[in-house]
Amino acid sequence: MGNKQAKAPESKDSPRASLIPDATHLGPQFCKSCWFENKGLVECNNHYLCLNCLTLLLSVSNRCPICKMPLPTKLRPSAAPTAPPTGAADSIRPPPYSP
């Protein structure tokens, strides 16, 4: 009696939500939580949330209070991050400091 083994939680590889840095091309799209932000929006099922509201909502629950679906926790940036080449910093030197 009571000698059952608990199942290990399945680690599902959830899809990444799209991060939209500027939603002006989508028409009048705003965060459905604060209704203020239209930049830095994240897709949450059938609506958008700004990063500030998403962070706040994730600190309280993993479910969206608007659509009741799981909140997105992984983001897919709309543009690949870039950085200058490692050798570029050596060839460009700032001018000497003079007070």
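Just so it is clear, glycine is given a Cβ too, placed from its N, Cα and C backbone atoms.
The N-myristoyl glycine annotation in Swiss-Prot covers GLY2.
Summarising the annotation, Swiss-Prot assigns zinc finger to 31-67. Per DSSP, the zinc finger (31-67) is made up of 10 helix, 11 strand, 16 coil.
Among the features that Swiss-Prot reports, region 'Disordered' is placed at 74-99.
Taken from Swiss-Prot, the feature compositional bias 'Low complexity' applies to 77-89.
Residues or ranges marked as motif 'PTAP/PSAP motif' by Swiss-Prot: 81-84.
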Mean of pLDDT values spanning the zinc finger (31-67): 89
